[in-house]
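A.B. asks: Features from Swiss-Prot:
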type    : residues              : note
LIPID   : Gly2                  : N-myristoyl glycine
BINDING : 24-31, 67-71, 126-129 : GTP binding site
Amino acid sequence: MGLLSILRKLKSAPDQEVRILLLGLDNAGKTTLLKQLASEDISHITPTQGFNIKSVQSQGFKLNVWDIGGQRKIRPYWRNYFENTDVLIYVIDSADRKRFEETGQELAELLDEEKLSGVPVLIFANKQDLLTAAPASEIAEGLNLHTIRDRVWQIQSCSALTGQGVQDGMNWVCKNVNAKKK
């Protein structure tokens, strides 16, 4: 097989499919983030009652992103979506300091889930465009992220509204999609 035919085969190889679970409290910005990734209009977003799924092509991957509603009454159903998750993206509203404890508890519970064991996690410290937003470093410290040892993780400041930091986070996802620790 010549070099040209090898290159043709590589070029025509289908993108690796990746299942991404997008979670976080209600009003954290998950759906805005998903629409930003899909280059869709973000001017009119309503609370997600069930879930949204979008597929996005990125760096040789077909990212199937599952955006699950974050309202308290929906959270018990999150576990129905854990199976076969390749990457967990957890979105935090950096400007809503009153809910840091609640979001920290939810994240800790997710990290303890057996079906998500070893799954790489990206934490988006969202709404950095707001003056009241806590920096990602402060959130990481407050949530004791440095104690996470059973998986690769990253905290990324972003604004789903402006798009700032979103691509940096997704670059990390694509680099670490195969880093699931057994």
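Using the three backbone atoms N, Cα and C, a Cβ is placed for every residue, glycine included.
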A.B. asks: Sort Gln71 (GTP binding site) into helix, strand or coil using the DSSP assignment.
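C.D. replies: DSSP call for Gln71 (GTP binding site): coil, neither helix nor strand.
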A.B. asks: State the three-class DSSP label for Gln128 (GTP binding site), counting H, G and I as helix, E and B as strand, and everything else as coil.
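C.D. replies: It is coil.
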A.B. asks: Given the binding-site residues Asn27, Gln71, Gln128, which one is most crowded in terms of C-beta atoms within 10 angstroms?
C.D. replies: Gln128
A.B. asks: When a 10 Å sphere is centred on the Cβ of Gly24 (GTP binding site), how many other Cβ atoms does it contain?
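C.D. replies: There are 24 such Cβ atoms around Gly24 (GTP binding site).
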A.B. asks: Which one, from the binding-site residues Lys30, Ile68, has the smallest tally of other C-beta atoms lying within 10 Å of its C-beta?
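C.D. replies: The binding-site residues Lys30, Ile68 were compared, and Ile68 has the fewest Cβ atoms within 10 Å.
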